[in-house]
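> Below is a structure I'd like to ask you about.
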Ligand code: TPU
Ligand code: MG
């Protein structure tokens, strides 16, 4: 079989497990799209715009380990690069593939359409270099294989996005056949001597403390260390909490699991036990202003060991070039038959109180946030994935208890409102066997609403809870002003516009508890498209966690310049 640059790329995408790639057409990439279409193992899925295309690939990567988006030069790619920044922040290997000007035009002095109107076309590559772990420009077929392999290999190893730019006249050029995929996907093992030294240092750290606790962070999945973390928890017997962005990265039915650690927004009892502990083993955490609640809940200092994806740092030590998974497995083995380090769990059981169950309405009672959260809770099964948008959705999702197997997807490091609609689309394409539930605010929805049309096109039964609280409530709680008011839409009505003549999406509005219950029944029966339930609640009907967290974040934002 003979290959072209485009079919080589398609085969590599299929070999790394992509059954789909996302695309928006443009004249620079049409030949490339033709080449990609020839590979029947990796279906082309279309998006409404390139920002959504990037986020769809990002959501797909969450379901499937990696994702790819194919766009046209500049007008397309510059929009997609926002989502690529997101993939970098969220540690997801998304391959952005952009078509580029004809190889003869580089350095020719020609001015081309879709460009900024100068004759140097390297600007897009330069921007991409800042936002990816590997960025390559392919202007000849000879060096295409090594450049494609380098970009994909680096992305998979680092769990970061990569960028491949292909001159539009090169994608159909003949090229070498792909070699064994193991050259791309096999990762080198940890440095053995460093791993041994790290195991000893962390074991000493744990042994010299009486009251250790494990804190699970959001890079744990990227580190491939979720199961290894459970083994360590089993071996130690101490409490385990997840950071907000790591919700669902540790089984919530595990006997050591206590909930979310997030300062005042923690699950009841968790902040208290983390104040009581004398040492924290933090697994792949991201400590930023949001996750530390405006730097007020930031575990640091000599009693905190930070075990990250490839680097471990604790008082007096720094080890790199080791895999977290191997480190945790070795530690679990070391502690397996030793007396349990379970004093935090014993103390937690003494002091914690369950969250009181909130009153919910029925029948004609005016709909409340609590009704929505309890409804979400009632729908969660082991096959469910909840995609939670920035806003009070974060805090509602955080309150939801997960049976084993249920997953949550959040984008807390990048925090681009509107991310969740295309990401839920991409996720549902990548995991059709799961039930995808999207929880999104009205303000966020207005950024990327059109991607619901792609859920309709592909008949994906995503359930969308759209919280219509008449504005940017999360911003209201941080700092209010007229800029937090938005134009109301007929959100439920939008679905019939998207359906046009053939779609099977459903849009329903709930203003009472009874209407919400009825809408959910409709949603569960609709298997041929998404169901959007517009939940109308008052502007200030939000979680207490949002209020307290918002106040801390506002204080951190408002610090005066240091003198
Ligand atoms: O539940 P609620 O009302 O807080 O959510 P909603 O309605 O989705 O409002 C979100 C408000 C919001 C904004 C405007 N959250 N963060 N921002 C700032 C922001 C602006 N632009 C982008 C792309 N991302 C952002 N996070
Ligand atoms: Mg809102």
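Positions of Cβ are set from backbone N, Cα and C atoms, glycine also.
Any TrEMBL annotation is an automated prediction that lacks curation.
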> Which one, 442, 502, is listed by TrEMBL in the same Mg(2+) site as 469, 471?
442
> Which value does the mean pLDDT take for the domain 'Thiamine pyrophosphate enzyme N-terminal TPP-binding' (4-113) in this predicted structure?
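When the pLDDT values over the domain 'Thiamine pyrophosphate enzyme N-terminal TPP-binding' (4-113) are averaged, the result is 97.
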> Using the Cβ centroid of 442, 469, 471 as the reference point for the Mg(2+) site, which residues of the same chain not in that list have Cβ within 8 Å?
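Apart from 442, 469, 471, the close residues are 441, 443, 467, 468, 470, 472, 473, 486, 539.
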> Do you know the DSSP helix, strand and coil residue counts for the domain 'Thiamine pyrophosphate enzyme TPP-binding' (411-535)?
58 helix, 24 strand, 43 coil
